[in-house]
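A quick write-up on the structure given underneath.
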Amino acid sequence: MTVMTDPPKESFRLSMLIYDTRYRAITIQVVALLGFAAFFGWLIWNTSNNLAALGKEPSFRFLWEPAGYDINQRLLDYNSQSPHIRAAFIGVLNTLVIAVLGCITATVIGVLVGVLRLSKNWVVSRLMAVYVEMFRNVPVLLWIVLAMAIMIEIPPGPREFRGDNATASVSLFGTVAVTNRGIYVPDPKFDGGLGDLPVGASSTDAACAAYYDGSEGLVDINPACGTFQISLDFLAIVALLAGTLYISRRIKQRADDIQEKTGDRPTTWYIRLAVVVVPMVILLYLLGLYFTVPELKGFNFKDGLHLRNSLIALWLALSLYTAAFIAEIVRAGILAISKGQTEAASALGLSAGRTMSLVVLPQALRVIIPPLISNYLNLTKNSSLAIAVGYMDLTGTLMGVTLNQTGRELETVLLGMLIYLSISLTISMAMNWYNESIKLQER
Amino acid sequence: MSDISFVRTEMLPEKEPPASTVGFIGWAKANLFSSVLNSVLTILSIVLVLFVLSGVLPWAFQSVWNASSLTECREILKATYGEHHEGACWAVINDRWVQLVFGFYPPYPIDPTMYLGNPPEGAWPAYFRPIATFVLILAAVAPVLFDKLPRKMLIITAIFPFAMPWLMWGGTVWFPVAAALGFAIGYFAFKYLADIVGELAGLIIAVVLPVIWWLFLMGPFADLMQSIIALDIPVVESRKFGGFTVSIFIGVVAIVGSLPIGIVLALGRQSDLLIVKALCVGFIEFIRGVPLITLLFVASTLLNIFLPPGTEFDIILRVLIMVTLFASAYMAEVIRGGLAALPRGQYEGADSLGLNYWQAQRLIIMPQALKISIPGIVSNFIGIFKDTTLVSIIAILDPLGLTNGIRADAAWNGIYWELFAFIAIVFFVFCFSMSRYSMYLERKLKTSH
């Protein structure tokens with residue numbers, strides 16, 4: 001008879017850390033973590049040694065010192081006495097401006113080109129292919145510099161608009177002046193505006209009140225008392241827009257309900273359009289909207305909204321470049337939808353337009369959105385090339401002039417990278433959330 | 001019975017094919033003018049094409065190729081084509097193409113003060129080293145690209161990562177030899193020690209030994225060999241690098257370096273080991289979240305601060321490091337896409353054959369994953385090559401950076417379009433042929449039906 005014995009008690013040996021797959025994973029990870037920590041510590045140790053040798057204490061105190069330089073395009077109040085951190089913030093806003101403008105135009109152009117490239121029309125599809133290949137295969141920096149050169153070299157100078165025998169004239173019925181110093185377009189102003197809403201200010205403070213008189217922007221920050229005021233006109237427009245859009249949405253939902261019940265869909269597009277447009281027109285009329293037309297005064301145009309060359313060049317080059325990539329994505333997305341879907345839709349009796357909007361596009365969007373996100377991110381990151389044409393974005397302010405003036409390369413570059421990183425992560429989070437919401441709902 | 005026949009006895013003459021469905025007219029009718037919208041689009045595009053061509057062609061072809069300055073160019077244009085003709089002045093390319101291609105790389109490194117035309121005593125032909133580098137790149141890449149070429153050419157590919165920097169920078173030949181020796185040490189250590197101390201310990205030794213060699217022993221070894229057998233070529237400082245040479249140099253190094261690092265990062269990101277995965281994800285997302293230009297700022301201002309006091313990396317080397325890291329993060333994401341696209345059964349099949357992790361990766365997973373990711377890898381390569389132009393912002397004289405220098409010369413002050421057109425065409429040729437090659441490769445490797 002055999003005697004049942006307990007299986008031998010497995011004692012832990014040191015070699016099991018390497019040879020036993022149960023422990024090996026832990027060993028590898030601990031080693032990796034230690035290696036990483038050692039490497040990081042080594043970097044920090046080197047850095048502190050080097051900075052001590054240079055006599056620089058790492059500190060972000062310089063951010064609150066006066067910047068001492070001017071920024072030509074600013075969405076908020078800024079002057080050369082403002083602190084560096086404010087200059088950096090103006091730079092971030094400029095980055096966001098170019099990113100938003102660029103993403104919108106790139107999407108519009110890209111979708112158009114992508115669809116046209118699939119056209120059966122040989123001339124049109126070839127032309128679009130040439131556009132796509134031309135822009136995709138040449139560096140974006142070259143396009144930006146080229147666009148800047150075009151903006152400076154080709155349009156006439158303001159001088160040529162002057163006099164009776166002027167060689168240049170203000171185009172589009174005298175409203176848009178294209179000059180080599182930038183493009184001047186009509187500027188919207190409010191006649192009977194509602195005034196400003198001060199936030200966090202006591203109206204008795206004389207210094208604050210005096211400052212408020214002269215300001216006109218959407219949001220003005222008062223450096224004297226650290227408070228800010230918001231234009232009530234702006235708030236009214238935003239509130240009205242939000243309200244009417246909500247009503248328009250409800251009308252659409254009602255139409256959907258009726259269609260569910262009866263099978264007939266009431267035509268609602270003109271009601272929905274009117275609901276949004278008519279109140280807005282009335283509000284703008286009540287606020288006394290008028291446009292100031294650019295006029296030549298002295299050596300330059302005044303009274304219009306000045307779009308600088310650097311902005312236009314960057315915007316144009318980035319959107320055309322990114323549009324070429326988006327066009328390819330859209331094309332691939334549409335091609336990915338099998339022909340059976342279109343055929344089934346037409347068998348159901350849907351028109352070509354409704355086939356596109358109800359069947360093909362919703363499915364193609366699922367293929368299109370993820371690479372589209374990464375292209376938006378690329379555009380945002382490429383906007384840092386603004387430094388090549390002197391557009392004062394985050395790279396131009398914080399990592400450009402501020403770095404050179406203060407000599408704080410470690411702090412400025414790391415802070416700049418951190419800001420870019422958070423912009424990128426925010427965009428990709430928002431777009432991924434959108435992507436989730438349109439994803440195929442599976443069981 | 002009457003002889004009524006309903007069958008035709010004589011053949012009808014053949015009809016002409018309807019003119020509207022064949023030939024150019026039929027094709028045009030079906031494709032270009034099938035509807036009103038289509039016709040409008042066609043006419044608009046043709047008008048656009050004609051408009052652009054009518055502007056560009058006379059400018060490009062009724063031009064001047066021989067002149068010494070922009071003013072002279074304009075005078076010749078006036079004399080030849082009349083007062084109002086706007087023609088290109090390609091003379092600037094004719095005058096400066098050597099600079100655009102080689103930057104300020106000395107034609108005869110043996111005596112950098114000498115310029116073209118008067119070679120010093122005992123010098124190699126002008127620009128021998130950069131040209132040899134280009135030839136070496138082509139020879140090294142050819143057997144990888146086309147598998148019909150003799151496999152022996154892969155030896156050149158193996159030598160190339162060590163020979164290329166040596167040709168460009170110069171110095172003693174023992175340095176690249178010593179660097180290559182590090183890999184040999186690792187290989188032999190694994191081969192002979194693995195049987196004695198076990199596979200894993202062998203692997204660790206095979207990694208640690210070369211690192212020790214590279215960090216501490218390589219320099220003295222190269223110096224010693226140099227003092228015994230002096231084999232060196234003149235050193236060229238990297239601030240002399242420029243033009244397309246520097247673009248290609250940075251591009252090739254980043255491409256070659258990013259592929260292996262990218263594979264490792266992708267595997268790390270897919271791995272089950274939590275900390276390894278977190279480190280890889282952190283690295284990839286950080287690099288992908290910041291613009292390349294900020295990394296170049298790190299290269300130009302910060303990298304020397306991060307390294308031990310007294311380490312002096314030259315600027316090109318620092319840029320190479322950062323661009324390679326940048327490229328590998330993107331490469332990792334492309335390869336991860338390929339890994340994720342592989343059916344689960346491939347991993348399980350490899351496991352069921354009893355292959356260990358690295359064998360499975362090498363024999364089953366990677367060949368397929370890389371094949372799936374070819375389009376992404378090549379478009380990454382194109383992106384890296386285009387991004388090399390960004391180095392002009394940190395004052396490295398790539399072609400785009402050189403244009404400012406050329407314009408600063410009084411003779412060529414105010415010349416824009418010709419230089420931009422030349423650079424754009426060169427980049428287009430490189431990038432377009434890369435994308436066509438990737439299409440060819442995709443077709444060739446396609447094993448499905």
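Quick reminder: no glycine exception, Cβ is built from N, Cα and C everywhere.
Sequence-distant contacts of the transmembrane segment (A:23-45) (same chain, at least 6 residues past either end, Cβ-Cβ under 8 Å): 16-17. Look at TrEMBL and you will find A:23-45 (among others) tagged as transmembrane segment.
Under the heading transmembrane segment, TrEMBL lists A:87-116 (among others).
Summarising the annotation, TrEMBL assigns domain 'ABC transmembrane type-1' to A:92-431.
Positions annotated as transmembrane segment by TrEMBL: A:128-152 (among others).
Taken from TrEMBL, the feature transmembrane segment covers A:228-248 (among others).
The transmembrane segment feature in TrEMBL is assigned to A:269-292 (among others).
TrEMBL lists A:312-337 (among others) with the feature transmembrane segment.
Residues annotated as transmembrane segment in TrEMBL: A:383-401 (among others).
The transmembrane segment annotation in TrEMBL covers A:413-434 (among others).
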Outside the transmembrane segment (A:128-152), six or more residues from its ends: residues with CB under 8 Å to it: 113, 116-117, 119, 180, 182, 309-310, 312-314, 316-318, 320-321, 323-325, 327-328, 382, 385, 388-389
Contacting positions for the transmembrane segment (A:383-401) when only residues 6+ beyond its ends and CB under 8 Å are counted: 67, 69, 71-73, 84, 87-88, 90-92, 94-95, 98-99, 102, 140-141, 144-145, 148, 308-311, 313-314, 318, 412-413, 415-416, 419-420
Interface-richest range of A:87-116, A:269-292, A:312-337 toward the transmembrane segment (A:413-434), CB pairs under 8 Å: A:87-116
Same-chain residue ranges lying at least 6 outside the transmembrane segment (A:312-337) that approach it to Cβ under 8 Å: 98, 101-103, 105-107, 109-111, 113-115, 117-118, 128, 131-132, 134-136, 140, 143-144, 146-148, 150-151, 182-183, 360, 363-365, 367-368, 371-372, 375, 378-379, 382-383, 385-386, 389, 391
